[in-house]
Every structure is written in structure tokens, then in C-alpha cells.
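S.K.: First the structure, which I've put down as C-alpha cells, then a few questions once you've had a look.
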Amino acid sequence: MSNTQIPVGIDAIAIATTHFELPLVELAQATDVPVGKYHVGLGQVHMSVPAPDEDAVSLGADALSKLLPATGTEGVRSLFFATESSVDQSKSAGVYLHSLLDLPQNIRTVEFKEACYGGTAALQAALALVARNPEERVIVVAADVARYAVDSSGEPTQGAGAVAMMVSANPRLLEIEPTSGVYTRDINDFWRPNDSTTPYVLGHLSMDAYMDALVGAWDDYAARTGTATTDLARFVHHQPFGKMARKAHRRLMEHAGDTRGDEVIEAGLLYGRDIGNTYTAALYIGLSSLLANEEEDLTGQRLGLFSYGSGAVAEFFVGSPVAGYRDRLRETGADRLAVEAMLGARVSLSFPLYRALHAAVRKDSEDYETPAETKGPFRFAGVKDRVRIYTPTGQAGAGA
Ligand code: COA
């Protein structure tokens, strides 16, 4: 019973993104849309675009390679990989990371899926395992390529990236409280059938479903804990695009009778604005953005975290930064300067090149090789005998 008293949470976090990016002004000009719709209407400025030799596995491996020098692997007995950009229907993407990062053999490796909520499912499972065996640690990787059909309303919200987190007892970054508010409702707002590389999306329905889920998860959380929104200093809401988080926040504040506005979410929106949607990773990239960019010292303050996955599943939970959390971010390159350097090192695409890359994505498993483009530490080299091949590039990775 006393295990619940041991603080558990995120001991360290690292972020990775792609080799390329598209300034949304390029997309706006080429498709004859006022750029204000993207910059202000959606709250997005750039989107990360994967090279042909990048995918959820290579991005996840990149993030994990930044994490491990700061954490080591002692006591790690589980690796959870969350994604909705899965590369195989059977094998966990995490198993590729296990060999690429040369992890110890006595580890359970599993993939989690429930749209953008999958990262939180993996994190909560990790927290529960650590609470039960506090000497163990769990690696959680959330990685996605958010790829929508061209000329769809979701196209400007695309993006790609990954986070890797070490979950442990007595964490050095963020302690996470044991009680959550949870929510499930069967709704077809966004889904991707097995034969499609892009999702089917009812965009406006998904926005309503997201906000209903926020209220539902919050009410469950408040009923179970007696917490008021005013007890929470900042919020990070899942961010498929920045405006979604702003709308959701307004809805929650109205619902709770809290008069605070965007000042309590602003710092968490900065990284996502220039990366785009990263599905399972988006909430945690937002968390990193808040921790790195908020002027005020957040040590010991309670932060509200909201995770949403279409379909739909949601969770509201609370974490508190630990003393020295900014130093901890620096150890994994998740501080502001290092992330800015990583984002600035991406190669900007023109609209025709971006569309050519979009069209070149393959979903078959015939033999092929990919051109060597990524500057990340690992690359997807192609398919041989129906097996996906991942190899080290010998490079440390941009911003690492
Ligand atoms: N300058 C400033 N703002 C502008 C503008 C301009 N020139 N033109 C339009 N806008 C604003 C609109 O007023 C709107 O803001 P509001 O919602 O605050 O009123 C915003 O830009 C978006 O316009 P809208 O017409 O609603 O966009 P859309 O229908 O083309 O696409 C989504 C919006 C969300 C449907 C689309 O991005 C999508 O499908 N995304 C993927 C699904 C998703 O992420 N869902 C979220 C929950 S998971």
C-alpha cells in the first residue's frame, strides 16, 4: 500500500524531429489560402516533414539516443512505444529501438495504440509498474508522423516528431500524481483503416469531441480529487494545432468558472507551433515547451495535463516539476536553446519538393532502398525480403 507514497514520474525527457520542414507560408501561397488562417486561425507556423529514410521508428530511436546518455539503462525492464504511425501490424516498433540502442536483453517491449492518447496510456502503464516495483525504470517512447491527404483541411496541421521519457521513482523532472480523470466515448471523428496511409477525419466533429472529452475527463478528475482548476498553475492540453489547445482551454475555464486565459497555456504552445502535430508525442512536446519556456519557476507547482485520442479516449492528470528541472532538460537537449537549434537545423522545403515527398511515401513491402537524407543518428534504409531495415548513420543527430 505504501508504494503509492513514493513519488513516481518522468525522470528525463528528450525530443526529436525530422530532417525537413515546410514553412506554412509556402503551403498557403501555393494553395491560395491567406497565411493568417494558418498562423492565427490554426496557430501553426512550420511543420516538420520526414525524409524518405525517416519514420516513427527512426524518430523514436533519435529521441531515445538523446535520453540514454543522461539516464543510463540500469534497472530498465520495460520499453513502451506509443504510435499511430505503426510500421508493422505485429511487431512492436520498440523492438527495433531495443537493438538500435543496444538495450539489455531482459526487457519487455510493447507497442501502445489509441490515436494521440497512446503516449499517455504508455506513460500511465509505466507509472503503475514503477509504483509496484520502485527499483525498476520504464522507457516510454511516443513517436508519430502526422500525415494527412493533400488538399485536405488537416494538411496544414501535419508534423512529425518523437519524445523519449524515462519513468522512475524519485524522478528529477516531473512527479506525477496517482489519480487521473479518464473518459471513453465511441465516436468516429478520426480513424485510419489498414489500407490507407492517411486518416479519415471529420475535423469539426473531432474538435467538439475533444472538448467534450476534456470536460468529461476533468469532471471525473475533480470528483475523485476535489481539485479546482484554480489549484493548478499551468495547463498543457493535447495540441494537434495550437488553436485547438486555446479553444479547449477556454471551454475548460468557462466550465470551471475560472477567469484565467491563455497566459497559463502559452509557453506550452511554442514548440508545437513550429513542429506541427505529432499525435502521441504532442502533449509531451508541449510539456517540454512549458518547462523550458515558462519564465516563472514552476518547481512544486501543480500542472494540469490533458491527453486526447480520437475514437475517443481522454485523460486529465497532474504533475509537478521537481527542483532543478531546467538543468535536467539541458542534459537531454530538451532546453530552449537546444530545441531551437534542432528546429533551426531542419532543411526548409519548397512546396513542390514537399508534395513530392508526400507522394513518395510507400505502403507496400516489396524490396526497395531509401535515399540517405536524414542527419539523425538512425535511418530507415528500406525493405529487404519484406523486412524493414534500420541502420545507424554514424551522425549524432541535429541539435543533439
Ligand atoms: N486569418 C485569420 N484566421 C483565419 C483566417 C484568416 N485569413 N481564415 C480563417 N481563419 C480562422 C477561422 O476563423 C478558424 O478560427 P476559429 O475556429 O477560431 O473561428 C480557423 O482559422 C480555422 O478555420 P476553419 O475554416 O475552421 O478551418 P478548416 O475547416 O479548414 O480546418 C480543422 C480546421 C481543424 C477541421 C482541420 O485543421 C483538421 O481537419 N485538422 C485535423 C483534425 C484535428 O486536428 N482535430 C483536432 C482534434 S484531435
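Note: Cβ is positioned from N, Cα and C throughout, glycine not excepted.
Since this is a predicted model, take the numbers as computed values, not measurements.
Sharing the features that TrEMBL gives for it:
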- 8-169: domain 'Hydroxymethylglutaryl-coenzyme A synthase N-terminal' (DOMAIN)
- Glu84: active site, proton donor/acceptor (ACT_SITE)
- Cys116: active site, acyl-thioester intermediate (ACT_SITE)
- Tyr148: substrate binding site (BINDING)
- 180-253: domain 'Hydroxymethylglutaryl-coenzyme A synthase C-terminal' (DOMAIN)
- His238: active site, proton donor/acceptor (ACT_SITE)
- Lys247, Asn277: (3S)-3-hydroxy-3-methylglutaryl-CoA binding site (BINDING)
- 263-318: domain 'Hydroxymethylglutaryl-coenzyme A synthase C-terminal' (DOMAIN)
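Structural setting of the listed features?
M.R.: The local packing around Glu84 (active site, proton donor/acceptor), expressed as other Cβ atoms within 10 Å of its Cβ over all shown chains, amounts to 27.
In the three-state DSSP classification, Cys116 (active site, acyl-thioester intermediate) falls within a strand. The C-beta environment of Cys116 (active site, acyl-thioester intermediate), restricted to residues of the same chain at least 6 apart in sequence and closer than 8 Å, consists of Glu84, Asp144, His238, Pro240, Tyr279, Thr280, Ala282, Leu283, Ser307, Tyr308, Gly309, Ser310.
For the recorded site, Tyr148 (substrate binding site), the DSSP three-state label reads coil.
Note on His238 (active site, proton donor/acceptor): other Cβ atoms within 10 Å of its Cβ, all shown chains, come to 29.
Taking all protein chains in view, 29 other C-beta atoms sit within 10 angstroms of the C-beta of Asn277 ((3S)-3-hydroxy-3-methylglutaryl-CoA binding site). In the three-state DSSP assignment, the secondary structure recorded for Asn277 ((3S)-3-hydroxy-3-methylglutaryl-CoA binding site) is coil.
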S.K.: Under 8 Å Cβ to Cβ from Tyr148 (substrate binding site), same chain, six or more residues apart: give me those in sequence order, or none if nothing qualifies.
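M.R.: Residues satisfying the criterion: Gly154, Glu155, Thr157, Gln158, Thr198, Pro199, Val201.
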S.K.: Applying a 10 Å Cβ distance cut-off over all chains shown, what neighbour count does Lys247 ((3S)-3-hydroxy-3-methylglutaryl-CoA binding site) have?
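M.R.: If we count other Cβ atoms within 10 Å of Lys247 ((3S)-3-hydroxy-3-methylglutaryl-CoA binding site), we arrive at 16.
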